[in-house]
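The active site annotation in TrEMBL covers D25. Look at TrEMBL and you will find N73 tagged as active site, proton acceptor. Per TrEMBL, the feature Mg(2+) binding site maps to D25, E211. Marked as substrate binding site by TrEMBL: 26-30, R38, H42, 70-72, W74, R76, R192, 198-200.
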Amino acid sequence: MTYTSSTVRVPEVAAVPRHIAIIMDGNGRWATQRRLPRVAGHTRGVDAVRAAVEACARRGVEYLTLFAFSSENWRRPNEEVSFLMRLFVTALEREIGKLHANGIRLRVVGDLERFDEKIRDLIRRAETKTARNTRLTLTIAANYGGRWDIMQATRKLVEQAAAAGKPVEVNEDAFAEHLSMAYAPEPDLFIRTGGERRVSNFLLWQLAYTEFYFTDTFWPDFDADALGHAIASYAERERRFGRTSAQLEPQSQNADSLPC
Ligand code: IPE
Ligand code: IPE
Ligand code: MG
């Protein structure tokens, strides 16, 4: 398990985020602005996904997590939901070979029960094929909700206790082990495109100490340069995790280790 809780231990930080999580928002408005049907924005959004994956791999980002479909997106018109499902299947079928050739490991998180067997099978095959790749882990959150994730982890803890026939210890590490992204560190940088400033039920537990970056750019226009701006903004942040600025200065760390 790569996951370590930022509230249990202070994580190491570097200028390049290890894990970037993105809410890819604004596809519909991108299309409407061009007098195109909303779904044309989703199609163009796939190109932006490709660009983001390439740029992250080039910059040495280890984990990229993309919110593709939320547990609340079923509330959209049926035609848009079916279009998004078809687009997910075609994009996965088309891109998986290239992802694999580029050393990218694919994971899909979310409540997959609600998807057709055909989609679930495709996901399983893609995950198995790329399982041993180490360059970048690309996670697609599909029918994902932060509350669902917390609920399913809780359910697993309770089941574990029932199977053991005795209460299990409940602490942050034991709980987080059951979260759907237990294989990844918490996101260092959260990006939301499309102008809204909200979390929309994305990684609620894991965003506890994540740096937030909001941009008005619609997702289909979010390119490698735009990602570069987000990473540059991240590099300027002071991540204190509850400590003071003075505690972060190298001399104060040295002072701690000097004999009195
Ligand atoms: C994000 O773009 C894609 C999904 C939620 C699937 P939107 O479709 O939400 O685009 P806007 O926010 O309506 O412009
Ligand atoms: C969040 O975008 C979900 C995804 C990008 C998949 P939404 O467009 O659904 O979010 P709200 O409804 O504006 O909060
Ligand atoms: Mg939206």
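Each residue, glycine too, has its Cβ placed from N, Cα and C.
Recorded features from TrEMBL, shown on the structure.
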residue : record                       : contacts (Cβ under 8 Å, 6+ apart)
D25     : active site                  : R192, T193, G194, G195, E196, S200, F218, W219
G26     : substrate binding site       : G41, T193, G194, G195, T217, F218, W219, P220
G28     : substrate binding site       : R38, G41
W30     : substrate binding site       : G41, R44, F218, W219, P220, D221
S71     : substrate binding site       : G110, D111, N143, Y144, G145, R147, W148, N201
N73     : active site, proton acceptor : V81, L84, N143
W74     : substrate binding site       : V81, R114, N143
V199    : substrate binding site       : I23, G146, L207
E211    : Mg(2+) binding site          : P17, D188, L189, F190, Y234, R237, R239
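Counting every protein chain shown, the number of other Cβ atoms lying within 10 Å of the Cβ of H42 (substrate binding site) is 23.
Secondary structure from DSSP puts N73 (active site, proton acceptor) in a helix. Only D25, in sequence order, out of the recorded positions D25, W30, H42, S71, W74, V199 have a CB under 6 Å from ligand 2. Candidate recorded positions: D25, H42, W74, V199. Those with a Cβ under 6 Å from ligand 3, in sequence order, are D25. For ligand 1, the neighbouring recorded positions among D25, W74, R192 are D25, by Cβ distance under 6 Å. R192 (substrate binding site) is surrounded by 23 other CB atoms, counting those within 10 A of its CB over all protein chains shown. DSSP classifies D25 (active site) as coil under the three-state reduction. Mapped onto three states, the DSSP output places E211 (Mg(2+) binding site) in strand.
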